[in-house]
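Scroll down for the structure; my scribbles are underneath it.
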């Protein structure tokens, strides 16, 4: 045994040192990227400190690998080498990926990773610009260099004279050096300084440890309790600033992606790039000290529309299993309000579509609902349609809508990769740069041109949206609420609370006066405030009890705070709490000062009290959302497919739950082509329960019924697809086929022509149009179309079949 341990140490000790050296190379990569992208940051001093932390942390991780290696070596040296090599390589990959994430966001990766599916993560990476070639090359060089060096170490003769005793002493020295050391936030003046210095892998694993602990350590509650439900008085304070209109006002909410307070409004550090919103804030009720409930978009809709708790993975993360709840959408519906939601991206990201359908949203528009003709003439970014195009489309959709309405917009252009849809705003940005007097500010803007160009673009798009509304007859009786969903990520905030700092603007032609408020506000104040106003001024009847996590807005001209609420950085990371003018973050207590500046304070009594409040909130939050104890009332629940025992067995046998939605669709399509229609339908229904706007799945479901000659069922799902996405060409293709298979040639022609009116270039529709023309005896016209179709797609089956038949005649 003594000999085996000594032999193992001769290999594992150099490997351990190699891993520490590689951590320094990864730190060097971080330094180069951050300094090149953010030269105004004082990077060098903190990155240099970080090297020490990296070496210590890497030795700490390596010691675990070393112990595993030594234990396995007692069984087999070969297996020990293989396992330790895999573990070391995995750690190198993890360390590089986490470090690369930091170079993009300036925030260390935390447990928000666990709140997203692999599909959502892939969408985010792809839509945010992907990974640069230089980063990929660096990764390959570091990884291959490490693997080659590790292979050489394990196959070379190192430390031949070492004794078992000396080797064990070395191990003890290593462990004694590594255990107690890591960067502590209290040793740094600014968050960004701490984030630069800390070892990113240690930060991630430390947050993961807390995440796992919170998962398993939960407070006991009465199983029949509703811990957030409380009586609501509906006392109005907003109405004093409004002229009362005879009819209830329409409400327009504009939630701007990444719009932090640092970028808009009076005395904004990076102000001047949102001129319209700046002017609007001067004509509005304006809260200069407002914060978002969440550090990312996932929390915006539940907080703004419902003042709802956050849940274990974000409130919308429950998907089709949402706990019972109500929001502004469902609460206003009985009072005659029609609701609309407009978003240029895929609203299934974060389950926004399921959340809004649960509320009974009347009009739901995301990228899948735009007509193909519109898609061809507008700018489509990696995330979806640009803001101005979405607003223009919304104006057309709402042209005939009557008041009262609830119109909700969620923008996306001010999101990574920050590519302005219109080059003229790049030129406009250059002019702005010439007028900046501060060299430091000028350099920061130059290094983040994409961000500021997109801000100029979106600000102008919002200006155009207001012009659309001003042209409406009901503009004079409309209330506009403009806010950011959260502060944008890539530019470092000044402190921990400023990562949540956003503007809150309430504008209306009904306003008696404009006024600026200094009292602290939060997104979850908005719905309670609006309900109070409508109940008091228009006698709207709302439930006596609601699970609001915040009360209504306060209207103080001097700085004050009555907030008593936790804030969530990511879907599963609740580490911040606002208690009046005190702010707890990462177990450090601060006094909140005007402008949301923070002053660290030492008061163990207050700190202990706020820590207990945070702990209590987290326990209530998990219990209420996980056990459907948010609200006793609810919007009408989603109508979901149910499964018989045999169908559930199909899902289990095929392990459908382990597949992502695209894989589920491919599986359903494959088994449908094998004529196993029951299996296919079962998979498709399971998929649609999770993603009701996966239109191809609904269309395939319809086709499986048609292939079984169950045409009524097929037509039901075709109609659903058309209702959900009236501009989706494939739905008209399926409709045309369904009618044709039944011998309803006239109805088939109608479906195809309607589809072509929406997308005249769709080759599947054009091939079927040729089929219609042949039935009408217009063979020459049909042949011309078929040749054009086959020129674009030589494998179009219907076109190939029809052209063969025409040639035989």
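Positions of Cβ are set from backbone N, Cα and C atoms, glycine also.
Bear in mind that TrEMBL entries carry predicted annotations, made automatically and left uncurated.
Residues annotated as domain 'Sulfatase N-terminal' in TrEMBL: 249-533. If you average pLDDT over the domain 'Sulfatase N-terminal' (249-533) in this model, you get 92.
Here TrEMBL flags 12-31 (among others) as transmembrane segment. Within its own chain, the transmembrane segment (12-31) is flanked in space by residues 43-44, 47, 50-51, 54-55, 57-59, 61-63, 65-66, 69-70, 84, 88, 91-92, 95-96, 99, 102-103, 138, 142, 145-146, 149-150, 153-154, 158-159, 167, 170-171, 174, 199-200, which lie at least six positions past its ends and keep a Cβ under 8 Å from the stretch.
According to TrEMBL, the transmembrane segment annotation covers 51-72 (among others).
Counting same-chain residues at least six beyond the ends of the transmembrane segment (79-102), those with a Cβ under 8 angstroms from any Cβ of the stretch are 8, 11-12, 15, 19, 22-23, 26-27, 29-30, 58, 61-62, 65-66, 68-70, 72-73, 108-109, 131, 135, 139, 142-143, 146-147, 150-151, 154, 195, 200-201, 204. Annotated transmembrane segment per TrEMBL: 79-102 (among others), in sequence order.
Marked as transmembrane segment by TrEMBL: 133-154 (among others).
According to TrEMBL, the transmembrane segment annotation covers 161-179 (among others).
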Task: Folded-back contacts onto the transmembrane segment (133-154), same chain, C-beta under 8 angstroms, at least six residues removed - done: 11, 14-15, 18-19, 22, 25-26, 29, 33, 81, 85, 88-89, 92-93, 96, 100, 103
